[in-house]
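Student: First, the structure itself, so that you have it in front of you.
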Amino acid sequence: MRKSKVLTLGFQHVLAMYAGAVIVPLIVGSSLKLNAEQLAYLVSIDLLTCGIATLLQVWRNKFFGIGLPVMLGCTFTAVGPMIAIGSEYGMPAIYGSVLASGLFLALFAGFFGKLARFFPPIVTGSVVTIIGITLIPVAVQDMGGGQGSADFGSLSNLALSFGVLLFIILANRFFTGFIRAISILLGLIFGTIAGAFMGKVDIGPLLDASWFHGIHPFYFGFPTFHLPSILTMTLVAIVSVMESTGVFVALGKITEKELTADDLKRGYRSEGLASILGSIMNSFPYTTYSQNVGLIQISKVKSRDVVITAGFILVILGFMPKIAALTLLIPTAVLGGAMIAMFGMVVSSGIKMLGAIDLNNHENLLIIACSVSVGLGVTVAPNLFDHLPDSIKILTSNGIVAGSLTAILMNFLFTVGRKKQDESHASAENVHAA
């Protein structure tokens with residue numbers, strides 16, 4: 001394949017995942033009130049780490065790397081938990097929890113086959129649904145212009161946000177292939193241009209940003225560790241691994257490569273290493289991006305060279321704050337419109353997982369009902385368990401942790417019950433037959 005074609009296809013992969021890669025640091029940074037300089041650094045270092053994480057996964061060796069043409073980017077599943085952790089304990093606590101969850105993935109990658117039975121679709125589907133629903137209020141606030149903004153809910157903000165949402169919907173309705181894959185990115189560009197004509201774009205951060213910068217490990221301070229935060233991010237890591245497994249299997253079929261348990265172990269370990277790197281570099285947990293799988297199907301090009309090129313492009317972009325500062329031009333309302341579509345898709349992903357189970361089974365419905373309700377309840381009323389001992393509050397202070405544990409425990413309870421009933425029923429049948 002010609003080098004020019006490899007470079008072009010590499011840029012396509014970068015464009016397909018670019019919106020997802022930059023929107024996570026933008027949302028988290030904006031929610032935690034970072035200034036323009038900090039936001040620009042957060043976005044640029046995230047692009048850099050996305051590139052390195054991708055290269056770690058594509059580079060197959062004895063210890064890590066699945067060796068498939070897969071792109072890694074920030075996981076949306078972690079957005080809500082990171083905002084909650086940052087609001088409660090500060091940015092260093094985010095990186096402490098990301099570091100701990102990354103170590104967990106890297107060290108116990110070989111045991112995920114055994115852990116998977118505790119995280120069937122009814123558990124992972126409930127967790128992803130809870131995470132998606134708890135993110136929606138963040139998107140709605142931004143649609144209005146951002147919490148506390150003087151023009152919150154103004155007609156101009158609503159026109160921008162709903163205009164972007166409509167653009168994304170129409171792009172998915174009337175286009176397929178690559179255009180559909182970058183519909184979010186196109187929506188952000190469209191909304192920013194419209195916002196500029198409405199006087200809602202400030203080019204100051206772009207002008208102030210330098211063209212190149214160095215890397216500053218622990219830019220936001222040395223990681224701090226808090227058990228509730230670590231538990232939350234570890235659950236997020238497990239859910240992300242379950243999602244990645246589906247992407248790995250899909251890519252294995254596309255590339256006609258039969259995956260072994262050892263392949264999956266190296267893939268999981270790479271995600272753990274990427275998260276460890278993310279915590280050191282002031283970035284986020286990483287997971288495989290399914291939109292790039294669709295791009296491989298569209299282009300019919302299965303070469304790892306294309307994805308390796310995309311990884312190096314991201315690394316180069318990560319050293320250029322001026323490129324990252326372009327994302328700071330996006331008006332908050334525009335971001336909110338895109339977030340509605342993106343976070344809604346997180347909810348849809350959770351519902352899709354739940355679609356794999358028997359919804360005619362009353363016990364399954366009860367598990368979903370209780371876990372989602374507990375998760376949302378704790379999110380809405382976080383002080384509900386303030387009078388409980390600290391050792392218990394660790395497990396109940398976060399809606400995602402509380403809802404996830406509810407799903408895990410209820411699934412275990414009903415699964416054990418069903419096995420015992422089945423064994424008793426089988427014994428009774430044997431006695432009757434005798």
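Here the Cβ of each residue, glycine as well, is placed from N, Cα and C on the backbone.
Owing to the predicted nature of the structure, the values given are computational and were not obtained by experimental measurement.
Quick paste of what Swiss-Prot says about this protein:
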- 9-29: transmembrane segment (TRANSMEM)
- 39-59: transmembrane segment (TRANSMEM)
- 63-83: transmembrane segment (TRANSMEM)
- 93-113: transmembrane segment (TRANSMEM)
- 118-138: transmembrane segment (TRANSMEM)
- 159-179: transmembrane segment (TRANSMEM)
- 181-201: transmembrane segment (TRANSMEM)
- 218-238: transmembrane segment (TRANSMEM)
- 306-326: transmembrane segment (TRANSMEM)
- 327-347: transmembrane segment (TRANSMEM)
- 365-385: transmembrane segment (TRANSMEM)
- 394-414: transmembrane segment (TRANSMEM)
Student: When you look at the transmembrane segment (394-414) alongside the transmembrane segment (365-385), do they share 3+ Cβ pairs under 8 Å, ignoring any pair fewer than 6 residues apart in sequence?
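Tutor: Contact between the transmembrane segment (394-414) and the transmembrane segment (365-385): present, because at least 3 Cβ pairs are under 8 Å.
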Student: Using a Cβ distance cut-off of under 8 Å, indicate which of 9-29, 118-138, 159-179 has the most pairs with the transmembrane segment (39-59).
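Tutor: Highest pair count goes to 9-29.
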Student: Which range wins on Cβ pairs under 8 Å with the transmembrane segment (218-238): 9-29, 63-83, 93-113, 118-138, 159-179?
Tutor: 93-113
Student: Counting Cβ pairs closer than 8 Å, which of 9-29, 93-113, 118-138, 159-179, 181-201 has the most of them with the transmembrane segment (327-347)?
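Tutor: Answer is 181-201, with the largest number of Cβ pairs below 8 Å.
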Student: With Cβ-Cβ distances below 8 Å as the criterion, list the same-chain residues six or more beyond the ends of the transmembrane segment (181-201) that contact it, or say none.
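Tutor: Tertiary neighbours of the transmembrane segment (181-201) are 15-16, 18-20, 23, 156, 160-161, 163-165, 167-168, 171-172, 175, 291, 294-295, 298, 329-331, 333-335, 337-338, 341-342.
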Student: Below 8 angstroms Cβ to Cβ, which residues of this chain, lying six or more residues outside the transmembrane segment (306-326), approach it?
Tutor: 6-7, 9-11, 13-14, 21-22, 36, 40-41, 43-52, 54-55, 58, 69-71, 205-206, 208-213, 292
